[in-house]
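A.B. asks: Questions regarding the structure given below will be posed in turn.
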């Protein structure tokens, strides 16, 4: 049963675009695409660029996937196409519906990291990474001694900042040459190359078990890069990006202003070189507005030269033969067209629009002058608008500039740069200027000289709050003009364009750079990822993955939105996103981040191997500090390093840090200005030695222990996480293994405030740890030692020598110095709790416990897991085989349960409240929530199926399980109280629950679910094995529908059916528990749950026989079907079968159609069951041999079934007329007196069965008015007297069948005899059959021809091309109502219909009546139509009160089956195209039933819905005939 291959299912839904949804999968997983309900029955093709096995990945190359249908059945519920994922990266899929693209998304497959000489796997959650600034590693021959510090500290991954040649600024991220190793690493006598780096990386991987990754920087290059001067097209310069010219002019003006301020030229105007107050800032603002902006007149770049434009306009007006070249759009107004070259006053307007707008009234000079003046005025207005727009940009530019000045010169947290100089100008320059300085005006002339302008390049930077998917240097963005860029003056922004052809050199250069990186490193960190154009990063990573298929891709994203993050993660296949612990403002937030970034809750449910693919959050690389973060010692305190790093390391994801954190370097190590080298490893170094470190330095010793623990927890499957905020400074994090049920609990006392200057309470709250503490894995305290305080060293990046950690590893609790004492308490019979009292948990301390379940519980879990392996291999780990368990557990559950009959399975799996109450029980009630729908396992499974995928452990259901054994005992006791195999199954549960009760309460929901789901799926398999091959080989949908047969068919304490003839073979018997007598126990069929499930209201003739073919014959339950047919046959009276059966003795013979449904079932039985015709000879024990006899006991008078059938036909031809027994309020409190008079007969002319009167309702549409207030009491809403269309169809089907049987001499009668006017008249079946055939379409079809002479009431026709609902009703207009009943006649007697007419009528029904799940019971165009059924409403509305509209609009489910079956039948006659379309339609409609069935806690289909498929609270939640007719439709498919 249990397969261990991990399969994920992605449901495709129409128009669902999931580009922003992250789907993460692992290599070795299978991904199945399946059709969601909106796409079932449609032609869908799935395409993906995931390559064929053995092919290399090509992002542009898509292939279609083949559909697989495991059951080869027509419905689409199981159809899938799949990918076996064996390759890491990001892969796209999309799907077409027909030829239209309908939806799509991405899947990300994680890389597998291999490390060590044996190439073992390093799981992503085990990664412990440390960042090194490459330039601080010193000469290459000294790297090993410096990197050894990371190895000794327990890191297994090193991240190097770029190793390439640096630019002038010496920033680690400003590279002068992307292809060359930084020459700083070489010695004068020894030049090192990439292969030397590669050898070291390989050595670290093989010998140290350490992987290496490095940065790739795609956005910019150093301003002094030689290659950018040779290829200026690779940057945004004033030739390829002329839109930057105004920004450049402003930039130069501000540079000159800055130089003047530095030289003191603005001292008089209030701006000295040293800016230190708001007044000086205001003076800068004034100078810019009064001196700079008026000089540079930026608005001119966006304006039109008025004089030139007017002259051109005048010339055009005076041309004699001018033609408007293109007729302008009348909606177009005159507007300024931007000069693409951005010359001053170089913009233009469309003269065609101008000429069409300003038209002179004659050709005279005065008129032309007037026109030109109007034109001039308009141009001046447009220019003025541009002036205002530029003013608005200038305002923002001044604000941004002053904000920058404030940060750099005055802010407390800023760099405080001091006086303005050329080295530290007033503001950073936005553009390079590799020329001699000149005056502003001379400089400006260069921008129109392409040979010089191409070297005026834009710097890169970042824009606060900008959309990361927009490139801020492209046209349309005003970031440079508005000075919104936080600029990196050492780097030039690179301009890739949209494809390699747009800038061939740049793409090739960067590809080569990427390939060098991927050749030597296992992974890359995408620097500044959010500003990297996605298409560029995709192209580069594709190149990298060709060389390094399991490339580990790390990135930092500052998009501010998870949706945007996901776009980058999914498109680029990012493996881990860097998350910063420094973003936490207190310990509480730090704990929240641990919970957010990984793991599942402790005690989580076991998820099946085959399950839906759920959206994920990106895998995290959780860093206690990144190289960009400010120093935590400054922000928090040196005492916080140890507790915060412990909290971060306890997260169930990758973790990381930056070199310097462990050594307690008390300042940020600057990526730009730091030139000292890192310390080396020396086990014997003294604290005063600034150039060397060992385990006594900083927190290195503790870091080593914590890193080892992090890797162990990841590798050993401690995937469950619980975070407890003990108090404002103490955070406890639990990592739990769901297979061995061991926990590791860390308790960290953070020190966000310096303990020397802030108050921390001596009192530390007690802690309760559930389970038995095996050991203290680590206890560590941050302490001061007696050495010289920190002094910054000249050569080495040194830390604080006076702070270290005192650590003790793997000790017993009694040896701990942090824990005072530990008491043991028990919380319940199986709850083992250790109470921890702390003595020395000072700020900056941590203690980590390893905790097991108490031994007793550990054994119980092991035994449970051992017995659960029969259901799933998942439970092998942690399982324990013992000899002395209950003997019943030694037998496989499937073996015990295989003896259950389907009738017994009804009791084990189902039974609603009313059925259970009959047996003296009831459904389980969960306090503060609700009762379960079923007493059997399905009641529990319906709730678990809701909460398991969401892992909703806080649900009241789980609370109830954790609080006590009531539900557990309910499950087993309910079954044990019954007899036979059911009790055996109960004993198996009891034996399993014996162990379940011995495990900690927090684990009970997960194991209770595991026991139940194992048993439940086994029981379903046992049910299906007892059904027909159609079900056994059927789709999931077919199988789940077939369970409706188990759900509806059962045996209660009291038999619902009258007793069968004692001479009948194979009748099931049982021993009555009270009388100890043998009694019949035939299965009866409930009409619906919960309303029609027990007592006399369980069995109804009509419901039973509409449902019988689907629920019993198609599922192969032939014996049960036979018994029900014969039991009802025994109750025949007046030639009718009762509707309300009432065990036969309380039967009501008030319906005209049940007998015809019964006959149809006999026909179906004979055709579908092997040797089915034998039923005709079976004995029927007549309860009422004559209309007036008292009920006779079984066996008093037996008759073969064929005689009973003949009696029905005889009585109808003779005519049936009687008054119901006990007529009056005692049998029907609403019926008027005349309604109790029952009539039925056959029309001599037409052969149609007719009956009923205006005050009764003898068909399935049997609503009787009940409201005195609305005055509809005793009035049927739908009398349908006369000849109802479905009864005519059913009688035709029976007559035709009896005719066939009599010809074959199987049925001994070929005619019926009646007395008419004292004479005996015979009517042959042949004649009767012919009469109906000849008259049906003539009288029932409403012709398209208004002059059709067959139409008695042409004035009542309001829809043509349909079939009437009845013929000869007492209210003639009722005949003409459009209802779904004619489709029943189409299915049982298709020979009555002409294919074309039938097809037209079906099309109308589809358009007017078909709802999402059911068929409207009345044409919505009818004036009494109302689609919402409310049985509780009592008002003055005659048509609605007390649910009078039950069949006047609400959408009933069972007719949908007949509609679809009719459609399928006639589509075949209409040709292959119509048939194909119909098959699609049927699948699509049924997919909604599938969804409803899956989601319904009742696991059934309802009786009806309100209009448009809305839920109706008055409907049965699951109805026999609804399930049956849908199953019949699938059978026909």
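FYI, residue positions are counted from 1 along the chain as it appears here.
Glycine is treated like the rest: Cβ placed from N, Cα and C.
Sharing the feature lines straight out of Swiss-Prot:
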- 64: phosphoserine (MOD_RES)
- 527: active site (ACT_SITE)
- 530: active site (ACT_SITE)
- 628: active site (ACT_SITE)
A.B. asks: Check the Cα-Cα distances from residue 64 (phosphoserine) to the active-site residues 527, 530, 628 and tell me which is shortest.
C.D. replies: 530
A.B. asks: Measuring Cα to Cα, how far is residue 530 (active site) from residue 628 (active site) in Å?
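C.D. replies: About 15 Å separates the two Cα atoms.
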A.B. asks: Could you list the residues of the same chain, at least six apart in sequence, whose Cβ is under 8 A from the Cβ of residue 628 (active site)?
C.D. replies: 556, 671
A.B. asks: Sort out the sequence-distant neighbours of residue 527 (active site) for me: same chain, 6+ apart, CB within less than 8 Å of its CB, listed by position.
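C.D. replies: Set apart from residue 527 (active site) by at least 6 residues yet with Cβ under 8 Å, we have 162, 173, 215, 216, 217, 218, 219, 556.
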A.B. asks: Measure from the Cβ of residue 64 (phosphoserine) and count the other Cβ atoms within 10 Å, all protein chains considered.
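C.D. replies: For residue 64 (phosphoserine), the 10 Å Cβ neighbour count is 12.
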A.B. asks: Using all protein chains in view, find how many other C-beta atoms are within 10 Å of the C-beta of residue 530 (active site).
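C.D. replies: Result for residue 530 (active site): 20 neighbouring Cβ atoms inside 10 Å.
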